[in-house]
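To start, the structure itself, in structure tokens.
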Amino acid sequence: MVFSSVLCFLLTKVFKILKVEEGMTLEIYTTSVIPIGAMFAMTLWLGNTAYLYISVAFAQMLKAIMPVAVFILGVAAGLEVMSCRMLLIMSVISFGVLVASYGEINISWIGVVYQMGGVVGESLRLIFMEILVKRKGLKLNPISIMYYVSPCSALCLFIPWIFLEKPKMDAHGMWNLHPVVLTLNSICTFALNLSVFLVISHTSALTIRVAGVVKDWVVVLVSALLFADTKLTVINLFGYGIAIAGVAAYNNHKLKREAIRNISDDSQAALTIPMATSSNLNR
């Protein structure tokens, strides 16, 4: 997060390659950006801790339940409306994740709890993001989001690290952080966020969602090949396949709703132009 903060500052303020969106106020920062940063920090901490207990492939399978958590929290926040169709889609995703979990050979419930905590944190972050856009009308591109959120997340991670992890690192002499690996990791993270920004700006929301589903399968399969402790079973893959089918149905439903909303907005805009013209002629 510190690396991301510094790089965003250099790109936007020093070299001015990218532009930070305007409109940020102290009130918006304290009520929206800080909660987003805190939830992002929660996602990073709990999600990364889960990898100490469960495999990369199984963690990715558990992440498939993300739309369910986002939808439930969205309904609670008044951003989503409960319907039979959405309830069926959420049930399919949940069933798929349960089947994938049942098929896991070396399951660690501590790791599952950490991963579910990370899913809740990410879901809350997305809800806060939607509130920021819909209720406060501030639209930020990913670079602007990283510029504002990264320092906050770094601080939210740094404070508990001092009390929880630093004493353990001091006691066990775990300060060999391998700066090359850490730097490469940070560059990959920043490149991921930047690539999302570029894909969205040059293609569409459908492309990024389809790419996300493909990415999930690639992570599961490649991690099974790279890591010896990852043993995929037929039940694993069958359950994950069901969950991914549910995620695809959820994405399709969301895209149709967005298309209908855009058509409605265009129709309203087209109707207001003739009305404005006729009123001018009457004058």
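Cβ coordinates come from backbone N, Cα and C, glycine included.
As annotated by TrEMBL, domain 'Sugar phosphate transporter' applies to 13-251. Annotation comment: TrEMBL describes 26-46, 52-79, 109-133, 145-164, 176-199, 206-228, 234-251 as transmembrane segment.
Tallying C-beta pairs under 8 angstroms between the transmembrane segment (234-251) and each of 26-46, 52-79, 109-133, 145-164, 176-199 places 52-79 first. Long-range contacts of the transmembrane segment (26-46) within the same chain, counting only residues at least 6 positions beyond its ends with a Cβ under 8 Å from a Cβ of the stretch, are 1, 114-115, 117-118, 121-122, 124-125, 128-129, 131-132, 136, 138, 145, 148-153, 155-157, 160.
Long-range Cβ contacts of the transmembrane segment (145-164) within its own chain (Cβ-Cβ under 8 Å, at least 6 residues beyond either end) map to 1-2, 4-5, 8-9, 12, 20, 24, 29, 33-34, 36-38, 40-42, 44-45, 129, 190, 193. Looking at the domain 'Sugar phosphate transporter' (13-251) alone, the prediction's average pLDDT is 85. Within the chain, the transmembrane segment (52-79) has long-range Cβ neighbours (under 8 A, six or more residues past its boundaries) at 86, 89-90, 93-94, 96-97, 100-101, 104, 106-108, 110-112, 114-116, 119-120, 122-124, 126-127, 130-131, 134, 216, 219-221, 223-224, 227, 229-230, 232, 236, 239-240, 243-244, 246-247, 250.
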